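Undergrad: Positions annotated as domain 'EDR1/CTR1/ARMC3-like peptidase-like' by TrEMBL: 635-773. Sequence annotations record features per position, and here TrEMBL assigns repeat 'ARM' to 150-192, 191-233, 357-399, 481-512.
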């Protein structure tokens with residue numbers, strides 16, 4: 001605004017002697033005269049200092065060096081109104097220099113200045129006191145001092161002053177203060193919104209701009225927005241926007257409106273007054289890119305609620321936004337993409353954008369050299385493809401998936417997160433998923449898993465989970481080194497990241513090599529730790545653990561001590577004994593390399609013993625033991641091969657289930673030393689036999705077919721292995737003291753009433769009366785399990 005005219009308010013000082021003139025020839029003289037006992041001399045000195053200070057910063061600094069500040073600070077509290085006014089005038093001019101304002105803060109001048117903002121003081125004092133505060137309120141310390149000394153209430157009152165300079169200065173101080181949260185709330189509480197709105201009618205543009213900028217700050221508070229609405233603030237903004245003579249205020253008016261449009265009540269109010277239509281006109285009317293950008297921001301704010309998106313859709317905002325994609329300005333395009341992303345949350349808008357050709361245009365923007373534009377375009381596509389198969393295919397047809405795969409390795413976290421989210425949404429379609437994989441989509445997802453950004457991690461793992469339903473994808477991910485990064489994320493403290501890591505592990509565990517690798521690098525131990533954590537335990541971690549164990553039956557049996565009928569161990573299984581919770585289970589190769597020791601031997605069911613080309617199929621989708629590569633140097637288990645053949649020959653001719661289980665039990669018992677009476681059990685030399693085998697084989701790993709004197713645990717394992725080979729259902733349960741047993745289910749009809757057959761659970765006796773089936777609740781079965 002510049003220096004506005006003001007009325008002279010000086011009044012003659014009280015005279016007690018004849019007037020005389022004083023000529024001040026140097027600034028040093030003027031400074032010294034500030035301490036004069038004569039009031040009119042002090043007035044002349046203040047005037048001289050003001051005149052000298054007005055000529056530039058060098059003069060202000062010179063006066064500072066001469067010690068002018070301390071007497072001036074004292075004189076603003078003088079009893080004489082004229083002296084106070086002239087002292088404030090000189091001080092206000094000097095305070096516009098940074099060095100001077102720094103010293104003023106140290107002199108703690110702010111409380112004294114605020115005291116002089118009362119309405120009974122002259123306008124000249126108000127003008128220069130507020131001028132002082134404008135320079136003292138630019139940093140945190142000054143703002144804090146003004147706020148703590150209750151400077152806001154009088155400043156708000158002075159917004160209604162008749163003097164434009166007082167209004168401007170007071171408004172500038174308030175604007176500086178409301179950059180802090182406490183002051184923003186205080187302005188609203190102290191009734192500052194009405195006078196701020198009134199200043200929009202000022203004849204001085206600088207005051208109008210300052211008022212709008214201040215309103216822009218305070219309307220970030222929800223309660224303030226409510227008051228703004230109740231005080232007809234939007235009507236006043238619309239008056240500005242409709243006035244073609246106030247185009248210089250349009251940008252700031254739109255900024256204020258953008259803040260307030262996040263409230264649905266406000267949207268309805270503006271819509272009912274024709275405000276939304278006016279916003280669309282602003283976009284379509286030729287104007288500066290700045291105005292277009294701010295207007296688009298307003299529309300984006302409107303689109304933050306479902307009710308408001310519906311209103312915008314009814315106004316055909318999609319057509320307006322798509323039209324703006326042809327604008328050359330990059331900032332405009334980026335903001336259009338953000339608006340599309342917001343409107344894309346409305347189902348009908350997604351279809352409208354597709355019909356208007358928006359998706360190919362968005363795909364094209366993914367290749368822009370501008371980082372912000374690429375980010376916004378990727379976010380828009382992510383929004384447009386949510387639950388929308390046609391849009392997913394439109395992105396695919398435009399080649400968007402190829403670009404999105406490349407963007408996964410970009411430097412912008414938001415772009416990577418959006419790209420992963422879009423690919424995840426598209427990958428539900430088989431054709432698109434295959435194409436994503438053919439362009440190394442799974443390999444590209446490895447790099448984002450190194451990110452520290454939770455959203456990047458969550459979206460990337462969700463994409464991995466969807467793509468991993470394809471066997472080829474699981475292989476690609478494993479070979480690209482993704483498993484280690486994924487397993488590392490099981491240690492995160494972020495719940496969303498942890499949940500999605502568990503889900504990804506759960507899906508990838510269906511790939512046997514991946515499952516084995518994840519177990520090798522500690523996934524089970526981490527999941528076990530999660531299981532015992534009250535803060536991090538979740539159903540996804542339990543699913544992941546079950547999936548890993550189902551594809552690693554050797555590990556599952558060591559940890560859980562139980563294999564179900566669907567856990568089929570037809571090859572590559574080894575029993576390393578009972579493991580403690582959290583204990584790492586060594587691989588067979590690691591166990592084979594260990595020197596012979598005195599610990600229990602590891603029993604290995606050699607995969608070479610089972611030569612079937614096809615996996616046994618069950619309607620309940622059984623789990624198969626992963627193929628374990630036999631360590632180099634280990635002999636083939638020819639005896640086990642012969643037992644498989646013998647079992648088939650003995651069992652296949654039999655039709656009755658009970659007879660089949662009994663016959664198989666006798667095959668196992670005969671192979672492992674025959675029946676042993678309970679009273680003779682302590683004489684059975686199974687431990688000596690196994691020790692001799694370890695020495696003979698020079699290994700802690702013993703092929704199960706080489707065992708001629710087997711105890712409960714060995715017989716039960718062999719029974720389970722042979723049963724699985726010939727498609728007979730049974731479980732394997734580990735007990736204490738080297739005991740183990742097999743449970744089977746037989747169905748028996750009730751002959752009296754021909755009722756449906758009922759399942760009956762039995763334990764197969766392999767040790768004492770081979771072939772006997774013991775009801776699980778009978779005394780004999782209980783003794784079998786616990787003795």
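Every residue, even glycine, has its Cβ placed from backbone N, Cα and C.
Unlike curated records, TrEMBL annotations are generated automatically.
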Undergrad: Near the repeat 'ARM' (481-512), which residues from the same chain, at least 6 beyond its ends, have a CB less than 8 A from one of its CBs?
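TA: Residues 442, 445-446, 449-450, 454, 457-458, 461-462, 464-465, 468-469, 471, 474-475, 518, 521-523, 526-527, 530, 536, 538, 540-541, 543-544, 547-548, 550-551, 624, 626-627 contact the repeat 'ARM' (481-512) from elsewhere in the chain.
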Undergrad: Please list, for the repeat 'ARM' (357-399), how many residues fall into helix, strand and coil according to DSSP.
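TA: DSSP classes over the repeat 'ARM' (357-399) add up to 31 helix, 0 strand, 12 coil.
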Undergrad: What does DSSP give as the helix, strand and coil breakdown of the repeat 'ARM' (191-233)?
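TA: Summed over the repeat 'ARM' (191-233), the classes give 33 helix, 0 strand, 10 coil.
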